[in-house]
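Colleague: Pulled these features from Swiss-Prot for this protein:
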type	residues	note
TRANSMEM	53-73	transmembrane segment
TRANSMEM	77-97	transmembrane segment
TRANSMEM	122-142	transmembrane segment
TRANSMEM	169-191	transmembrane segment
TRANSMEM	217-237	transmembrane segment
TRANSMEM	269-289	transmembrane segment
TRANSMEM	298-318	transmembrane segment
Amino acid sequence: MKLNYDFFLNKFNNVYNNDIRLVDLSNKWWYHNCRVHFAGNQKHSFHIVTRSPWPLYSSIAALMFTFGLVMHMHNYFYGNLLSLAGFFLILLMMFVWWRDVIRESTFSGYHTKKVQQGLRLGVILFIISEVMFFFSFFWAFFHASLSPSVVLGSVWPPLGINVLNPLKIPLLNTLILLLSGLTVTWSHHVIRDKSWQKFFFSNSNNEEFKAPLLDNYVICAFALFLTVFLGLEFTVWQGYEYYKASFYIYDGVYGSTFYMTTGLHGLHVIIGTLFLIVCFFRLIDLHFIYNHHFGYEAAIWYWHFVDVVWIFLFLSIYCWGSGVDSFFK
């Protein structure tokens, strides 16, 4: 089987050994198979952002979306079309912007170790901001459930709400997400195997010697495929649960907090699944290596964050917030 080794030249010229050209690759068996010409090779290790039109265009798209949404809420003409156009422009800007980031990392060698440290800090701060986002919804739920008002009948769950059984679909979704966390960790463990270093620095052109790399990529891709499948399965079951539920988002504070919190988490699951799908295709195209795969690592961090949030959500809203009687329905 013939492999695509185009990315190897960039990885070892710009990433390995502090990402400066200190490694002579001319005698490596895969060097002469590279077909991509790398014009950009930075000689420093810092994150110098190049000129890009996407921040400006993304801001315009966000303005169109929010302005159109406000117009639609006030029944102004063409408000829905403006918000829809802004939404699709946001998706387009996300695609082209992240496409350029992938090019800078994989093909231009701009994501040095120093740059990756900054990116890691950025992802950590982003996840912390997401934690605060979910914290506000959990605060609303516990504010209403710990001291239910007279309007709710002074009980929780409120009178007239037929809550869901936590031991049915919610428990199944919990097991699905926990299993997906296991499979994505398995995939991450395989790609971080440092025994690949012997393969990369060998001059052998023997197909049997190349087999371990192919095997590791197959195992890594298979584990990642399982994770994506489990994420899609979780989304399907969550949608089925919404379809079968007897209460709606407008059924008081219970319905609003339930659907807002679980729906927000479901949106994050969809985003995380798309993130992992992109990583899956990048993995197949050999964009990742044992010491240079931060894009995949960021997706794994995000997926584990989604797992942890669901555990808190399952224990608080589904189990504790539904009352003891819900276990026997």
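Placed from the backbone N, Cα and C atoms, the Cβ positions cover glycine too.
The structure displayed is predicted, hence computed values, not measured ones.
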Colleague: Please determine whether the transmembrane segment (122-142) and the transmembrane segment (298-318) are in contact (criterion: at least three Cβ-Cβ distances under 8 Å, sequence separation 6 or more).
Modeller: yes
Colleague: Per the 3+ Cβ pairs under 8 Å rule, pairs at least 6 apart in sequence, do the transmembrane segment (169-191) and the transmembrane segment (217-237) touch?
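Modeller: Between the transmembrane segment (217-237) and the transmembrane segment (169-191), which are separate recorded stretches, there is contact, as judged by 3 or more close Cβ pairs.
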Colleague: Can you work out which residues elsewhere in the same chain, 6+ from the ends of the transmembrane segment (53-73), have a Cβ less than 8 Å from its Cβ atoms?
Modeller: 79-87, 89-90, 92-94, 96-97, 100
